[in-house]
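These notes concern the structure reproduced below.
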Amino acid sequence: MSKSQLNEPERIIYLNDSEKNLLKYKKESNYISTSKYTIYSFIFIFLKEQFSKYANVFFLFTALLQQIPNVSPTNRWTTAIPLVFVLSVTAVKEIFEDYKRHKTDNEVNNRKIQVIENNSINIKTWNDVKVGDIVRVENDEYFPADLILLSSSEPDTLCYIETSNLDGETNLKIKQGLVETSNILTPELASQMKGLIKSEQPNNRLYNYDGVIILNDKSFPLDPTQLLLRGAKLKNTQWIYGVVITTGHNTKLLRNSNKTPIKKTSVEHMTNYQIVFLFGILLVLSLTCTIGYFLRQDKSFEKTVLHPTEENSFSIKDIILGFLTFIVLYNNLIPISLIVTMEFVKYCISILINNDMDMYYDVMDTTAQCRTSSLVEELGQVEYIFSDKTGTLTCNIMEFKKCSIAGEKYTRSTKKNDGPINEITFDELKGDLKDADFNDVIYQFVTLLSVCHTVIPEQDENDPSVYNYQASSPDEGALVKGALLFDFKFTTRKPHSVIVNVNGQDLEYEILNVCEFNSTRKRMSTIVKCPNGEIKIYCKGADTVIFERLAKNGNIYMDKTIEHLEEYASEGLRTLCLATRTISPEEYETWSKIFDAASTTLVNREEELSKAAELIEKDLFLLGATAIEDKLQDGIPETITTLSQAGIKIWILTGDKQETAINIGLSCQLINNEMELIIFDDEVIKGTSQGVSEFIDSQLSTIKQKLPKKYAEAEFPPKITFRNKWIGKEEDIRQKFIPPTGLVIDGKMLEYALRDENKIKFLELATLCQAVICCRVSPLQKALVVKLVKNNIDAITLAIGDGANDVGMIQAAHVGVGINGMEGLQAARAADFAISQFRFLRKLLLVHGSWAYSRLSKLILYSFYKNLTLYLTQFWYSFNNGFSGQTIYESWTLTSYNVIFTVFPPIVMGFFDQFLNAIYLNKYPKLYKEGFLGKKFNISLFVAWALNGIYHSLLLYLLIKNIWFESQIDPNGDIGNHWMLGSTLFTCVLGTVLLKAGLTMDKWNKYTTLAIVGSYACWIILLPIYCYIGPLINLSPELDGMEKKIYSSSIFWFSVIIIPCVCIFRDYIWKFMSREYFTTDKHVIQEMQKYIIDDYSADQSWYQKAVGKVKLINHMRKSRGFAFSQLESGPADIIRIYDTTKRKPSGK
């Protein structure tokens, strides 16, 4: 899209004029791409990413230096070839991972769609859809682009859509086309349309739309009711015709997903710093040797023996070349194999994640997917989780579980053990209803369920006796299905009545008026004329608003109902109270005039309608209450509890209303029964930025009074100090000093809270709370909340969701997880990891994350250690060779150290090592804290490993030097040269670092044994072969005949057996002392695992459950959630014009 088009106030789409549309929008395509690379951009992006790693930059610099004549003391290709190999392996991995993204994109781009052209239907691919095309979409098909609904198979141009791909909600939403286009029922009529659409410019606002369609020189407004978004699916509607207004990356769905970001892990950042540190050591070594070399030139030995005829003058050029020589000599101090080993190990870990059957979801036949293997270690360091609610925590499936009618409890359970003895089953209630009179409480209760709603019945084509209920609110659908359990079958909706089949008899109720639900009223009322001629008001809503509208004689069941409500709430069920009364014709006639006047006013219509409703919603009689289960995904409460025990903070970011979000928070145990909730109330704050600021200050002041002075006066956000990087972070324990607190804020208040003057204060308040719930938030606000934490707190963030509205926060977080398994979810495609159920997050983090972080930390530290151990021996040798730059090791032997002989121990360490098995990691989640506190990978550990490498290198060199003295004489009288010394020293170094690898691993198996023993055996076997072949091909003539001398030397065998054991003895003693006298929780649990010792601590779960239930009931008395998730701008007007008796057109 060109900049000039973006600057235009509107887009003009011509109907059935492809030439004009093509001319105007020729650069717009419906092709979409979520991949990271293209054929043309791969080289540039890949090299840019790879050379952002300091190690690769250094090796490129070294490879170039080696090409300069008389500078390199080693072969000129010993760095270039391994570097090319490392980059090639990494490139193959990146190409393979991006290929999977391209494959997914191609599947979407090549879906089939019916396009109307020249009075007929042509089948095209999504990729070929253009702006202005009129398309025909059939039931269960996705919309290929953003469309304006023209007509449908349903009466009054209605259609149902499922937006689970956009927002995770599986309940169907209703869309309605204009009356003026409702006659477009055939391809011929669609092809004859003339006119244009003036549409808003492409944007990312999923729930807003402004446009105008001009037909026959008349303008008709378009709003979100006519907008069908790409990614949504047509449901329970045979077909629709729609005109394409935006395509591809201009659609609202794609506008909410950015280009796949390049994410770097905290371990990679730390590794870069460590490489810089090693480069500093390299410079010091090179500078020391350079100075030593030029100082030695003044010594008498050099003057009289080595250079008797040369002058002792040195130019700047000689100094620089000498310095560069030592840079090349010590370049392998930085392990060239580290990057490719890390990438390979990460890829192997991703395979383990993908094939973990514990994370297999049989319902959808899907496994976990690691889409970005480079982030696996971040899974072990997550401190904040940001989760969507609908589709992520909940199934968005409501089930009518229990009810209270006239003070009696009823349950759906059929088994005696499922519920308390004093609960009556629904089957018994069904029997009682057959003998009940019309005005009996139980009859009126079920009648209210089947009449007071905005549900549309759809008769099943295959079985006419079965009805599918389309509801804008899943709660309402559950209630109507609940009535069906008692043989009250809602069958027909007409513009002014509904028909309910009761025990085989059709009863028609005339709908006189509907007082819609909104968040202020918290109730819905329907005034109906019953089959017996009575006028009744049926009202359902939150208990608080129903109780205050009861008549004096209408509250006879209130005490019992309250008792039942508290019990239902303690079980996490969502409740509604139901009430009714009979209205006299005179009262209704008077009131209807007031209501009609309010519904036609142009000033404050909603307020006037609410006032009118207040006049009729009074003196009600309480019938009882319903209890609906908003089904959580399996294992949600246990998962959240376990993750909280691991020290992870969980925030819910949802588009749902406040009451629903709080209720789910209680059900999933994010909000516990002891928490005091800080609720940003619009009435208290008065909806201003200043009001939000003052409210935050007030709450912060109250909380800080309970904190110790040290924490109350601490700077926020806390600065990242050197101490944090040295030994890891300190755990944030501020929450331990204050009572359990939760924070609830809606999108309107959050807009003010995220402003520059308030956001840091808001963040401080939020971090002091154990739970945070943000409701009614937009996709952009979700991303802003994640970025607020990510940019201001030194913590790894994870965002998890299942809809397109979650893509922003998934991409903003350090780690993005998408819920997989639903049909073609955008979130899963944009995420770094995909799982099918939220409960799998527990194993993904606590097990795979902990393993990955521990493994990669060991791998990196060990890789630095082994290179320091080898290459510092070369430095110590410089003090004996006059700083001449002479290497003690043969060039290709040096190169093979990293790419052959020590490459497998880090790999098996990264793939198989387990400091604990999955069972114990799940059982003791507190061990996870070591990850996000940085206890396994920090500067102090790096320095400790580096010092150990220095110690081992010095000890190895001194022992070999003192054993060999000037040289060794073999049995034949031949004198061993320094290449024999180097090979012996190399063998001892290899033995030492392999023993260190074995001592570092927590778990041994046949592969780790093979890697360690096999690497050593490989060197012992290959050394004589190389000494024989190398000189023959002129690769290493200096080794000619050395194999016989070295393998026949008893000193060699003595050295390679005894010296590594002497070197590693200190490490063994250190590990023994650490476990014996400085025991940690991890050590104790490892012993329990080894000897299969059970944890015999007293199980008090039964006691905690009983006490918790009492506390929860007390908490519920202060605030109780209720079931009503219908949108505030409810579809009552659309629903009331619907007529299910009309015949549906074929559309062809």
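Residue numbering: from 1, along the chain as shown.
Placed from the backbone N, Cα and C atoms, the Cβ positions cover glycine too.
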Stretch carrying transmembrane segment according to TrEMBL (options 44-60, 758-774, 979-995): 979-995
Cβ neighbours of D388 (active site, 4-aspartylphosphate intermediate) where a neighbour is any other Cβ within 10 Å: 29
R776 (ATP binding site) versus D802 (Mg(2+) binding site) - Cα distance in angstrom: 17
Mean of the pLDDT scores, which run from 0 to 100, over the domain 'P-type ATPase A' (109-180): 88
Neighbour tally for G655 (ATP binding site), based on other Cβ positions within 10 Å of its Cβ: 26
F517, R574, G655, R776, D806 filtered to the binding-site residues whose C-alpha is within 10 Å of D388 (active site, 4-aspartylphosphate intermediate): G655, D806
Inter-residue Cα distance where the pair is D806 (Mg(2+) binding site) and G655 (ATP binding site), in Å: 10
Recorded stretches the transmembrane segment (897-916) and the transmembrane segment (1007-1026) touching, at least 3 CB pairs under 8 Å: yes
Distance [Cα-Cα, Å, rounded] between R574 (ATP binding site) and D806 (Mg(2+) binding site): 25
Distance, F517 (ATP binding site) to D806 (Mg(2+) binding site) (CA atoms, angstrom): 27
Intrachain neighbours beyond the transmembrane segment (1046-1065), with Cβ under 8 angstroms and 6 or more residues off its ends: 952, 955-956, 959-960, 963-964, 968, 970-971, 976, 980, 983-984, 987-988, 991-992, 994-996, 999, 1023-1024, 1027
Most crowded position, judged by CB atoms within 10 A, among R574, R776 as binding-site residues: R574
